[in-house]
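Please read the structure below before turning to the comments.
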Amino acid sequence: MEKPPSPPPPPRAQTSPGLGKVGVLPNRRLGAVRGGLMSSPPGRRARLASPGTSRPSSEAREELRRRLRDLIEGNRVMIFSKSYCPHSTRVKELFSSLGVVYNILELDQVDDGASVQEVLTEISNQKTVPNIFVNKVHVGGCDRTFQAHQNGLLQKLLQDDSAHDYDLIIIGGGSGGLSCAKEAANLGKKVMVLDFVVPSPQGTTWGLGGTCVNVGCIPKKLMHQAALLGHALQDAKKYGWEYNQQVKHNWEAMTEAIQSHIGSLNWGYRVTLREKGVTYVNSFGEFVDLHKIKATNKKGQETFYTASKFVIATGERPRYLGIQGDKEYCITSDDLFSLPYCPGCTLVVGASYVGLECAGFLAGLGLDVTVMVRSVLLRGFDQEMAEKVGSYLEQQGVKFQRKFTPILVQQLEKGLPGKLKVVAKSTEGPETVEGIYNTVLLAIGRDSCTRKIGLEKIGVKINEKNGKIPVNDVEQTNVPHVYAIGDILDGKPELTPVAIQAGKLLARRLFGVSLEKCDYINIPTTVFTPLEYGCCGLSEEKAIEMYKKENLEVYHTLFWPLEWTVAGRDNNTCYAKIICNKFDNERVVGFHLLGPNAGEITQGFAAAMKCGLTKQLLDDTIGIHPTCGEVFTTLEITKSSGLDITQKGCUG
């Protein structure tokens, strides 16, 4: 940013070359000025539309739009104003006091000014003047410009980044990276996204969109749905549906349909980036200097790019055991969702949410499934809820082998699937066990993709224990122009919606007129096991750690969904509880639900928790009957009372 001149020079007019490029606008009030207001001499008059028309044709309108964008993109500060407007005068005086060169177009002194303002409104979504753009970013009107000046955002926008190829380069084309890229492009910035999928040890790769779209949330939820449909077919007979044909599942048909949908999403992302003017490069990004990055494509060809700012959004990949046969014969979630053959008898190693979700839908599709657990289920989640999830999985036929970890995977037979022998050792002693499986699925955690992108060359610090990147409350690393979002952040939730929100807000802070930060508190999530587990806020263990047990009240109950009654599904399996801070008006600090459609139910309660939900507010809420969600409006029994919470029927 240029320093304000002292004393300010007298006003002087400079004719801007920008209008000459536009051509359709008379050069009456467009000029460049430093340190004072400007009154440029009138220039050649040209009409916006053909003589005799009151409104430009569609072709002329598009031409006008293009030329207005040329003005916005070609000038550091572009002010659309009216000569008699006092608010416009205030803005001009502000930039003059800052010693900043600005360009103006007085809409009351151009031919067809109303049409110009109409198209400008479509571009900026602002009907009034002054209408200010700084470095291609729409700042807004007078009040927003002064607000941006007061909070420092205007000075940030005025920084000249023209020395670099791009305003922003994002490494990683997942949910967070794409969200950040699209928002930055919306703010008028020149953006590049680098995305490259290193094939899994089994050779699996995928398109643009990251883990969630390709090998995570989307295919996982669709396979979960496939399993639920199978269960619904069993219930259907109790509801009077008759069918004689034997029902069986076709794995190949399911994966083909799911991959077709994912392919459409990949293409949609590429189209969206193109429409927004974001450069997408399918290459591996690696820092070589503070503002310089090397992009290597699959052919090994290298290209170098520079940017003013960088966002690291590289995500994570599944971890391997580091034992004989793991990478040769085991698969991970990277491979499962596009597996071209039915996995058959499957051993799932690990009891993370990924492991239990996969075990759940595989069992729901009729497969023989065993889960090998080293320690606890769903580490980091409420452990009472985790054990209930495990119990329901066992009811659905999933077998658990606890306190064991594999030490060898050996191929006995080749095939699709083949046959594998797994040798596992007890975590509590010398005991070993063996098992024969068609497929071994590893779900033991994920590693951040941060160690091979040249961070050490520019001094970005990482947590050496887990590869994650420490950032401040605005996602900034220890290197000021380098930021990070998503699963690679140290100590932050590894959830797609979190990355999307963080990416969008980061772009707005970097290039817009917003100071809003991502709220990492009270984030809802759902584990999509056959009986879904939704939660928001603190686990019971974490709440006790933070508030002490004597300061908490836990309300809970079992319940029986109406839909389960006719089908004869087990009563007293679904469970709901809230954890309340007794000394903060019984504010709800933890929300937990095990039941059908838990994700859909939890979403709404998460919004309520952000607004300070209390037990009294729940009591005052009239429930929708008959639904599962209404159970939270009638909670009466506390854990401390020790009273029985079993239910006799669906209505309590």
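Placed from the backbone N, Cα and C atoms, the Cβ positions cover glycine too.
What Swiss-Prot says about this one:
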- 167-196: FAD binding site (BINDING)
- CYS212-CYS217: disulfide bond (DISULFID)
- 65-165: domain 'Glutaredoxin' (DOMAIN)
- ARG34: omega-N-methylarginine (MOD_RES)
- 1-62: region 'Disordered' (REGION)
Out of ILE171, LEU187, CYS212, CYS217, which of the recorded positions has the smallest number of neighbouring Cβ atoms within 10 Å? CYS217
Reduced to three DSSP states, the domain 'Glutaredoxin' (65-165) has 53 helix, 18 strand, 30 coil
Between ILE171 (FAD binding site) and CYS217 (disulfide bond), the C-alpha gap once rounded to whole angstrom: 21
Neighbours of CYS212 (disulfide bond) among binding-site residues ASP167, SER175, SER179, LEU187, VAL191, ASP195 (C-alpha cutoff 10 angstroms), in sequence order, are SER175
Cα-Cα, whole number of Å: VAL191 (FAD binding site) versus CYS217 (disulfide bond)? 27
Could you say which of the binding-site residues SER175, SER179 has its Cβ with the most other Cβ atoms inside 10 Å? SER175
Sort VAL191 (FAD binding site) into helix, strand or coil using the DSSP assignment. strand
Three-class DSSP secondary structure - ASP167 (FAD binding site): strand
Measuring Cα to Cα, how far is CYS217 (disulfide bond) from LEU187 (FAD binding site) in Å? 29
Kindly assign CYS217 (disulfide bond) to one of the three DSSP-derived states: helix, strand or coil. helix
